[in-house]
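Some features that Swiss-Prot has for this protein:
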BINDING   Val10, Gly11, Glu12, Gly13, Ser14, Tyr15, Gly16, Thr17, Val18, Lys33  ATP binding site
MOTIF     45-51  motif '[NKR]KIAxRE'
COMPBIAS  368-386  compositional bias 'Basic and acidic residues'
COMPBIAS  387-397  compositional bias 'Polar residues'
COMPBIAS  448-457  compositional bias 'Low complexity'
COMPBIAS  468-491  compositional bias 'Polar residues'
COMPBIAS  499-509  compositional bias 'Polar residues'
COMPBIAS  570-585  compositional bias 'Basic and acidic residues'
Amino acid sequence: MEMYETLGKVGEGSYGTVMKCKHKDTGRIVAIKIFYEKPEKSVNKIATREIKFLKQFRHENLVNLIEVFRQKKKIHLVFEFIDHTVLDELQHYCHGLESKRLRKYLFQILRAIEYLHNNNIIHRDIKPENILVSQSGITKLCDFGFARTLAAPGDVYTDYVATRWYRAPELVLKDTSYGKPVDIWALGCMIIEMATGHPFLPSSSDLDLLHKIVLKVGNLTPHLHNIFSKSPIFAGVVLPQVQHPKTARKKYPKLNGLLADIVHACLQIDPAERTSSTDLLRHDYFTRDGFIEKFIPELRAKLLQEAKVNSFIKPKENFKENEPVRDEKKSVFTNTLLYGNPSLYGKEVDRDKRAKELKVRVIKAKGGKGDVPDQKKPEYEGDHRQQGTADDTQPSSLDKKPSVLELTNPLNPSENSDGVKEDPHAGGCMIMPPINLTSSNLLAANLSSNLSHPNSRLTERTKKRRTSSQTIGQTLSNSRQEDTGPTQVQTEKGAFNERTGQNDQISSGNKRKLNFPKCDRKEFHFPELPFTVQAKEMKGMEVKQIKVLKRESKKTDSSKIPTLLSMDPNQEKQEGGDGDCEGKNLKRNRFFFSR
């Protein structure tokens, strides 16, 4: 109840209270039925039964259940708010409803009863208080606390149901083998009250009601009279024998001809002789002068208008005795005038709209001007992207969480199966984030190269080394000799060891900083990195080598300075081989540096 603001009390009954409330976030006015906290199991049974039926059956002439929750051990049912009933109409029109209004109301009430009976449901409490009337004139049947399915042959029902004034004779005599005709009897009593403004069988006890039934409707059948004679409640009571008119119009003179025929078909003492709701809808009272053909479009327009205004949220089930929502969707039975069920307008329709809007946004994001351009990714990343795309096309992804995160960076495949984007800085990240292509030190990189083909980079590095070596040879060409070959080899080995040691320090330092989990280390996929940084480092090391050679040239004779241009080709190939090994070590260290 924290989400709702109480505005007042609407009604109160033997099983609970109905409050008028306002949703604090949306401002929607709702009616909340609060069941009393009683030790009897009957209260929970009635609440559970009403929840079950309202979840399972939806119709435009049945009240809509919005939400169910339990607070302080009390069950709360949230309904659409309609504060007007047929009883309020009768209090306003003391002499009964006008004929046009009465026919429209009865047509909708019969449609609701027919829908329930076609699904083998008995309401068992039809009365003016349980017929809601909206501002546009749409009637909705409510209060399903006594509703239940038809029993199998041999099963029995509860004997004390329905309000006394509208109770059929088999219910008064506590016959447990009743069925749909009890609703038809209650409808007949209510029709007379709606037409005249006065209840037809007001009574203070079951005996009083039974006496009035015999006087106004007819004598008991042999089966019912046998139950009456054996009942200890009516022991010693003798019912009168009354002669009644045979025609309906003489029996109910206050009603017009066709309406009297409907009431006479409903109020039959024998349940087997009572008419059905389907036959009543086909009666001349509704089919004459094209009433149905004219009223159906009007009713459809009113339903569409109310559906736009009252787009209710689908109930969030917090009641432990409720069935799962997935099972509910399979068992919902509808019978509507619309192309869809107006009772289901709400979260399901909003979810479909969000799905369509999401598709439009995805199309716009792919074809817009501000998109990130597509780049060539390694093959293993392409596989992950295709798999993620296939997963996103499943309907369950839209039902659970729309993958809006894909629009921000469509090139980033670091998303789990639920469409939730993972933190790229977390230790469990599966793939490194993309490289910023605008960095100044990456302008010379080849973005289309692959990690599986490092030969091109080694070739470029070898060319750079040769170019720098030739520069050294041109500078010192007048003072080189072949005698000091071992000295030059030792110098190069020292420089190589120095570079390797520096790279090892850099890689070990990066290992300590990153501190990735061991279990995830083998599953990292590293993106393509250029070779520019290492090329610059090697260039700096060669400059240092030049300075060392210059200092040695000043101390030694010119005859002892080696010449790089006149080196042996075999020795150059050997150095190239060492360079390849060196390049592999640098490549391995570069991976740790990139991490």
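Heads up, the Cβ atoms here are built off N, Cα and C, so glycines get one too.
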Restricting to the record's ATP-binding residues (Val10, Gly11, Glu12, Gly13, Ser14, Tyr15, Gly16, Thr17, Val18, Lys33), give me the longest CA-CA distance in Å as a whole number. 14
Long-range Cβ list for Val18 (ATP binding site), cut-off under 8 Å, min separation 6+ in sequence, same chain only, gives Lys9, Val10, Gly11, Glu12, Ala31, Ile32, Lys33, Ile34
Taking 10 A as the limit, how many CB atoms besides its own sit near the CB of Gly16 (ATP binding site)? 23
Residues in the motif '[NKR]KIAxRE' (45-51) per DSSP class, helix first, strand next, coil last, are 7 helix, 0 strand, 0 coil
What number of additional C-beta atoms lies within 10 angstroms of the C-beta atom of Glu12 (ATP binding site)? 12
DSSP says Ser14 (ATP binding site), in three-state terms, is coil
For the binding-site residues Val10, Ser14, the one whose C-beta sees the most other C-beta atoms within 10 angstroms: Val10
Output field, ATP shell: CB within 8 Å of site CB centroid, site Val10, Gly11, Glu12, Gly13, Ser14, Tyr15, Gly16, Thr17, Val18, Lys33 dropped: Ile34
Within the motif '[NKR]KIAxRE' (45-51) only, compute the mean pLDDT. 82
